[in-house]
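Chemist: Residues or ranges marked as active site, proton acceptor by Swiss-Prot: 269. The annotation NAD(+) binding site is assigned in Swiss-Prot to 167-170, 193-196, 226-227, 246-247, 269-271, 349-353, 400-402. Positions annotated as N-acetylserine by Swiss-Prot, on the basis of experimental evidence: 2. What Swiss-Prot records for 91, 128, 252, 353, 367, 410, 419, 435, 495 is N6-acetyllysine. Summarising the annotation, Swiss-Prot assigns phosphothreonine to 337. For 413, the entry in Swiss-Prot reads phosphoserine, with the evidence type a large-scale study or a structure entry. According to Swiss-Prot, the region 'Mediates interaction with PRMT3' annotation covers 336-501, on the basis of experimental evidence.
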């Protein structure tokens with residue numbers, strides 16, 4: 001343990017064996033109904049890691065049936081004490097902590113994530129989040145309401161039922177825990193579809209769910225593709241709620257499918273084009289570093305990426321100079337290799353999209369300060385790229401890039417920069433850097449974003465609600481607000497002979 005309380009980084013596993021590649025339903029492993037499998041790759045080497053059973057509509061139907069059975073009135077799960085649900089979640093957190101090294105290695109190998117980030121950040125976050133959710137299990141409660149007349153009225157916060165949960169590829173394990181933690185704490189059952197690029201850690205966690213003692217059918221995990229397995233979840237008539245993290249484009253399809261089927265509840269955590277506003281009085285070293293990590297963390301593959309940096313005119317040139325200097329320090333390579341500080345993009349589709357947007361920036365007149373192209377002969381690597389002299393109408397200033405590409409814009413007045421920052425379809429997050437508390441509060445109140453960070457960026461914790469305004473999504477995850485998304489409120493009114501205050 002280091003002096004800061006952060007665990008030391010252990011040597012990663014070099015002989016990782018992938019044990020779980022099947023569909024997990026009713027605490028058992030199943031082959032796909034169709035007999036199909038799909039390949040899973042290492043994005044740093046482009047090598048195939050394994051073949052995973054490919055779930056589709058028939059497999060989702062099986063999983064939903066199991067989840068519905070587990071949710072029946074009188075089932076072991078429905079009659080379990082809330083505190084016991086919490087104990088199972090605490091147990092799952094302990095098992096993930098036990099397998100932390102294996103899961104971090106797997107996340108790095110399958111997702112291109114730096115091993116140090118996977119172990120120190122992602123796994124730590126998963127364990128803390130599960131324990132936070134476990135603590136809430138017996139604290140979700142209704143209230144009594146003094147209505148007029150001789151009646152006794154109270155509310156119950158009941159689990160919604162069977163919840164479909166569709167997980168993204170950029171934070172496979174973190175997002176799995178963000179989804180199942182609150183859902184299970186509230187007493188729901190779940191059908192999970194991990195991203196087809198990164199299903200391996202979810203399937204390992206499935207084995208831990210069984211080991212922890214969750215009843216059969218409470219958690220079901222169906223790997224597969226979005227247009228088949230994901231679509232089956234979104235449109236399923238016996239799923240009561242769907243939660244999705246991913247692109248705005250797919251989020252629209254999911255909400256449409258939910259509406260056309262059974263009007264299932266929907267929470268969406270979608271894309272962003274988050275502004276980061278740096279005022280002239282800001283601590284420049286701090287602002288440069290947070291803004292840098294805000295866009296380059298995990299190769300830029302973050303929904304909250306600070307991908308529009310607005311810098312006040314008087315400090316613009318110096319901010320650009322320091323940002324370029326910082327971006328040039330990366331060591332690219334296999335994220336499992338010690339010393340490497342930037343890994344690959346997830347797949348060729350994302351890699352090609354990023355390079356296309358970089359080319360658009362060059363053509364539209366932005367100044368390329370560094371990077372600007374691919375790196376290496378193997379794997380989906382993109383050079384860390386910084387553009388200055390970016391204007392608001394350029395594609396790189398409007399479209400979500402999801403890559404290691406920083407756009408730095410200039411502003412003169414607060415009114416101007418607030419309007420420009422809000423001039424987007426997105427509204428996930430934002431950053432403000434200033435030593436003036438009045439300006440910090442004024443700007444943060446004016447920004448249309450679900451989270452605003454002041455003199456920092458990307459600080460996410462289980463205790464805080466997370467979600468977007470506008471086309472960055474609906475609903476909130478985590479914090480007390482996140483649990484409301486997994487309950488229905490029922491009002492019960494009882495006629496009594498005499499009411500007494």
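For all residues, glycine too, the Cβ spot is worked out from N, Cα and C.
Since this is a predicted model, take the numbers as computed values, not measurements.
So that I understand the layout, could you describe where these features sit and how close they are to other parts?
Modeler: Shown in sequence order, 244, 245, 246, 303, 428, 466, 467, 468, 472, 473, 475, 477 are the residues of the chain, 6+ apart in sequence, with a C-beta less than 8 angstroms from the C-beta of residue 269 (active site, proton acceptor).
Secondary structure from DSSP puts residue 269 (active site, proton acceptor) in a beta strand.
Residue 91 (N6-acetyllysine) carries a helical DSSP state (H, G or I).
Listed in sequence order, 461, 462 are the same-chain residues at least 6 apart in sequence whose CB falls under 8 Å from the CB of residue 128 (N6-acetyllysine). Following the DSSP three-state reduction, the secondary structure of residue 128 (N6-acetyllysine) is helix.
Within 10 Å of the C-beta atom of residue 252 (N6-acetyllysine) sit 13 other C-beta atoms, taking all shown protein chains into account.
DSSP assigns residue 337 (phosphothreonine) to coil in the three-state reduction, outside any helix or strand.
Long-range Cβ contacts of residue 353 (N6-acetyllysine) within its own chain (separation 6+, distance under 8 Å): 401, 402, 403.
Secondary structure at residue 367 (N6-acetyllysine), taken from DSSP and collapsed to helix, strand or coil, is strand.
A strand conformation is recorded for residue 410 (N6-acetyllysine) in the three-state DSSP classification.
Its Cβ placed at the centre, residue 413 (phosphoserine) has 10 other Cβ atoms within 10 Å.
The secondary structure of residue 419 (N6-acetyllysine), as reduced to three states from DSSP, is helical.
Taking the Cβ of residue 435 (N6-acetyllysine) as reference, residues of its chain lying under 8 Å away and at least six apart in sequence are, in sequence order, 281, 282, 283.
Residue 495 (N6-acetyllysine) falls within a strand segment according to DSSP.
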Chemist: Relative to the Cα of residue 413 (phosphoserine), which of the binding-site residues 167, 195, 227, 349, 352 has the closest Cα?
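Modeler: Of the binding-site residues 167, 195, 227, 349, 352, 352 has its Cα closest to that of residue 413 (phosphoserine).
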Chemist: Using the alpha carbons only, what distance in Å do you get between residue 252 (N6-acetyllysine) and residue 410 (N6-acetyllysine) once rounded?
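Modeler: Spelling it out, the Cα of residue 252 (N6-acetyllysine) and the Cα of residue 410 (N6-acetyllysine) are 33 Å apart.
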Chemist: What is the average pLDDT across the region 'Mediates interaction with PRMT3' (336-501)?
Modeler: 98
Chemist: Just the number: how many Å between the Cα atoms of residue 367 (N6-acetyllysine) and residue 337 (phosphothreonine)?
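Modeler: Between the Cα atoms of residue 367 (N6-acetyllysine) and residue 337 (phosphothreonine), the distance comes to 33 Å.
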Chemist: Which chain-mates of residue 91 (N6-acetyllysine) that are at least 6 residues away have a CB under 8 A from its CB, listed by sequence?
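Modeler: In sequence order, the residues whose Cβ lies under 8 Å from that of residue 91 (N6-acetyllysine) (at least 6 apart) are 212, 213.
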Chemist: So among 167, 170, 349, 352, all listed as binding-site residues, which is physically nearest to residue 495 (N6-acetyllysine)? Use the C-alpha atoms.
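Modeler: Considering only the listed binding-site residues, the nearest one is 167.
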